[in-house]
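Structure record follows, encoded as structure tokens.
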Amino acid sequence: SMASPALLMRVVASAYSVAEKAATIVRNVMSAGDLGIVEKTGANDLQTKADRLVQMSICASLARKFPKVTIIGEEELSTNEVTEELIEDGHCEEILKKTCPAQYTGIKEEELVIWVDPLDGTKEYTEGLLDHVTVLIGIAYEGKAIAGVINQPYYNYEAGAGAALGRTIWGVLGIGAFGFQLTEAPAGKHIIVTTRSHSSALVNDCISALNPDSVIRVGGAGNKIIQLVEGKASAYVFASPGCKKWDTCAPEAILHAVGGKITDIHGNSFQYNKEVKHMNSAGVLATLRNYDYYASRIPNTVKQSLVP
């Protein structure tokens, strides 16, 4: 008989189904019309009913199956009021068929940390920019992002009635990433993707120094990494604090699984162990290819302003 799949593959397979359930919740909240918006620290830091329900669904569903895993979500919520209809206990068979990379076969539940952003791009969600929105489930081991699931609940939403809505992207270091067509940005073009709602003089100075051919401003870290792996942008640059571990963990795993690179503005790797501070206070620099080209052009004034 076949050995049962390694824990990591079971966690990723479950996270895939949990993310699809999350997407359904996101779409249902939107179509019901009452987003239940709450300002957390201000007008650019919002939480909706979707953020709350999705986080409860993801965290409760994964905790029920993998009780010893540490799960850290963006929203501060009690998990007491989780109703049974929020629980997803399915898994993606396709993922279980893949061979777990040898270095991850011995992982124990208590060694994993799962970083959850229930709705990345909340501000865009409230403004109807639905293609910016992602659900992020990142899986870390020994402080490193090793697997991730990104769901885009509204992928294809502009294709009109009858089009299949939403997609789920997943990846594991050593296996690769799936659910999209890996494409490189046009050679010789410097297309920068950056923040839409958190701009500042520093953010803009940094981008100008890179002398870009064009700048794309979109919401959501998950969405920006997708722009890189689909060849729509050549670098994701954000010279500001503000991004958190749950924004970068899943996207980092997907990007690294296809040979890309993400760091802070100084070139430091992000750490994802459970004790780590949540803020990526020294910004973000990410590329699918040509990381060194962009890293070498970040001005020292920008670096000095951003303390890791």
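Glycine too: its Cβ is placed from the backbone N, Cα and C atoms.
According to TrEMBL:
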BINDING   GLU74, ASP117, LEU119, ASP120, ASP247  Mg(2+) binding site
Using other CB atoms within 10 angstroms as the count, which residue among the binding-site residues GLU74, ASP117, ASP120, ASP247 scores least? GLU74
I need the neighbours of the Mg(2+) site defined by GLU74, ASP117, LEU119, ASP120, ASP247. Which other residues of that chain put their C-beta within 8 angstroms of the C-beta centroid, in sequence order? ASP51, VAL116, PRO118, GLY121, THR122, THR134, VAL135, LEU136, GLY220, ALA221, GLY222, LYS244, TRP246
Does LEU119 (Mg(2+) binding site) have same-chain partners at least 6 apart in sequence with Cβ under 8 Å from its own Cβ, and which are they? VAL26, THR48, ALA50, ASP51, VAL54, TYR125, VAL133, THR134, VAL135
